[in-house]
Amino acid sequence: MMRGAWALFEVIVRGQYGLSYLTERYKKNIDSRWEIPATLVLLVLLEWMIVGVYQGAYHLLSLEDHPGKVFSILVLGAILWVFFSSVAHMMRQLYFTNDIEWVSGLPLSSSEVLGARMAGVWLGQILVLIVLWLPGLILYGMQLHKGVGFYILVADLMLSLPFFPLVISGWFVLVVVRIVPWGKYRQQIERLLSLLFPLFSFIMIMSINGFMMNAGASGSFTWITKLLDVPNTFASYFYPLHWAFGIGSNGVTAWVNALLFDSFSLCMMVVFLLLGAPLYQRGLQMFRNSSGSQRYTRKKGKQGLRSRSLFRLMLKREYHLLMDTPFFVAQTLVQLIGLPLFIAISFIRGGGIEENEPISVMFQMVILWGSVILCLLMGGMNSILRTISREGRFFYLSKVLPVPYKVQIAAKYTFSMMIMMFACLLVSVIQGILISDWILASWTLVLGILTGSLFSQLGILHDLWRPNLTWQSPKELAKQLGLGNLLFMILSLFLGGTLIFLSWILLKFGKLSFIEIQGIWTLLLIGLHVWTGKGVIAIANRRYQTIQG
Amino acid sequence: MIWFGNVSKRYERGGRLAVDGLQLQVDPGEIVGFLGPNGAGKTTTIKMLTGIIPPDTGEIEVDHRSMIRSPLEAKRKIGYVPDQPESVMRITGREYLHFFADVYRVSPAEREDRLVQYLERYRMEDVIDELIQGYSRGMKQKIAVIASLLHDPAVWVLDEPMVGLDPHAAKVVKEEMKWRRDHGKTVFFSTHVLEVAERLCDRIAILQQGRLVAVGTMEELRRGSGVGIADEETLEQLFLELTE
Ligand SMILES: Nc1ncnc2c1ncn2[C@@H]1O[C@H](COP(=O)(O)OP(=O)(O)OP(=O)(O)O)[C@@H](O)[C@H]1O
Ligand SMILES: [Mg+2]
């Protein structure tokens, strides 16, 4: 029984986590070996930032005073994180991967298939926990001078912690698929479901935010005490959480708790695999019956009959490339709406800036460039970084279509800019409302669009340089994006920081006024555009020819 | 042995039957070709046979094991070459084959033996350690064929196996079919290449809009059609008459 499941798990890991792909690439082209140290450096940088966040948090929570409670918060946070972030992943892994049919012809029981797929999700979650949570736990151990035993238990916790939340989200997914009436509306429902995770996280963030703000209103530090009690409230509803929290205690108690928690998690998983299997089987069948019907009945409408300009056609194609994949839509939406809404709401609940105090020029500058960075982060990232890769296996179409590459690139750029401009508009309007300085807001809009345009070009070049045209699922593409995204983030922070610094110098030593300084930046950016615009098209034209679709 | 007992399948509720009351038996030591126009329901039938989709009604047996009641045992008897060789995962050919060997429980000794033998026979030694993603269509097809043979299945089911194969590989596949028939195994395949069907098959089944319109040896088909000039009639003429 185990062997088949293990084989499937192995294939999932090799295939979906790109292990075979990476080893093959590593073996073949030596020239890209620098990517490994580069990734490591970025990772170290990221970890360093994360450790910084934990340090701040521990200080705020005054770790030494109640170590047990802080540990509980860490564990509870990880459990909630795994639950929320795994729902969408699980859904895709169980029902939407394109190997579904292939696997169902194999002599594997549905428990085995379910087990292997769960294990795939589990592994992904462990990796995330190691990146996000492990630094926190290690720092915790170091600050409290814990012994070796603690670290062993933490290592064990990394492995066993995802079990329980995964089982819960697993049940959730199995039941949802069973009760949702697929059939005709499959695509629409898929679209809705892919919004689930963003929605969940959003609700989570909002409620945490609201909780802190509410608590904050009644006294500056009471919300911390309240926060420290949250894990116990959870545990009072669900006893096994006590065991998980208890792993942080000292001596034998910790080991006993770990043992209890691990066996509990294991039992949950086994029960899930046994009882969930028939449910999974039936869900799959129902799903498979309705699957593909879209392929046969999709209405093409009458578009394309009217003649349009090539550019508009290409623009429309870009639109469909993004909108027809629910995952991409969700990503873009989260970026566009989630972040600013969150900031706006915290701002409003925090009471906003004291209005009668005049804002210093320097502060204006910081707000301005901070907002510009925000624009970049919202409009940039995923959506403009992958304009070519998004085409995936159908990239060959771009090369076959009788449309000049220049027009295609221009369409890609324009589409990215439409998203970017929307982001800029949103940010400047929110900014205007919050600090009621509409002149500053319009500067934000102008400078945001100008820098955004530069970044869009950069994004296209970045993607042209090494596109991924062989992804099997959009999630895979998104995962691969990590490095690019990180670069993008660092670059925009760097740019913002530098400009703020230079503005400060101009202000202090050049004795220039706000308008003069911003005028300089505007002119500089416009000038840059004249230069890059031509360059990008020329380079893109050349690269287009050499990319193998 | 393969047995379809009055099998029907409908994809959409209220839609038309993709397969309609199929009744067919394929015995060990026999090659049966499955013909029919596009959309006749060949692939649907084969998917039901391999347990990928369940039939609405009817019974399917593979080597005396019911695909509906004991699917795992039945599936273990089958070697299946799908119609779309798009292998789904980003793994190398070797990893893919080992996966199949694992799932079908092929012992390590046998596995090595057969792997070497088949890789040589299909001329795949050079690319076996590359990613399947990078294979040509024919290479993908060949990998699927090898994967389906590793466990020496009692029943070999192929959905349009000749598509994309070069003449050499096509010949090897045809030889393999004959070899398996001569060793008492069952071979069932769908194809649009009538010459192949005519020369290779012991019996031919023709499907039309989900219904079996003819089944038998070439001889029987000629007699049954009642039209033609008896012996001279090719399968092509027969096929066109029957599926008009
Ligand atoms: N997933 C599906 N959803 C809805 N209808 C389907 C689905 N798959 C096949 N059909 C329909 O079932 C019928 C039979 O299709 P099938 O693929 O079995 O034909 P086929 O004989 O294999 O054709 P071909 O020679 O083109 O391979 C067709 O009418 C097709 O439209
Ligand atoms: Mg077919």
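The backbone N, Cα and C atoms fix where each Cβ goes, and this holds for glycine too.
What TrEMBL says about this one:
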type     : residues  : note
TRANSMEM : A:36-58   : transmembrane segment
TRANSMEM : A:70-88   : transmembrane segment
TRANSMEM : A:119-142 : transmembrane segment
TRANSMEM : A:148-180 : transmembrane segment
TRANSMEM : A:192-212 : transmembrane segment
TRANSMEM : A:258-280 : transmembrane segment
TRANSMEM : A:321-349 : transmembrane segment
TRANSMEM : A:361-385 : transmembrane segment
TRANSMEM : A:415-434 : transmembrane segment
TRANSMEM : A:440-465 : transmembrane segment
TRANSMEM : A:486-507 : transmembrane segment
TRANSMEM : A:519-540 : transmembrane segment
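Within the chain, the transmembrane segment (A:440-465) has long-range Cβ neighbours (under 8 A, six or more residues past its boundaries) at 364, 367-369, 371-372, 375-376, 379-380, 384-389, 409, 412-413, 416-417, 420-421, 423-425, 427-429, 431-432, 484, 487-488, 491-492, 495, 518, 521-522, 525-526, 528-529, 532-533, 536, 539-540, 543-544, 547. Scored on C-beta pairs under 8 angstroms, the neighbour of the transmembrane segment (A:36-58) with the top count among A:70-88, A:258-280, A:486-507 is A:486-507. Contact between the transmembrane segment (A:258-280) and the transmembrane segment (A:148-180) is present: at least three CB pairs lie under 8 Å, with pairs separated by 6 or more positions in sequence. Recorded stretches compared: A:119-142, A:148-180, A:519-540; the one with the most Cβ pairs under 8 Å to the transmembrane segment (A:70-88) is A:148-180.
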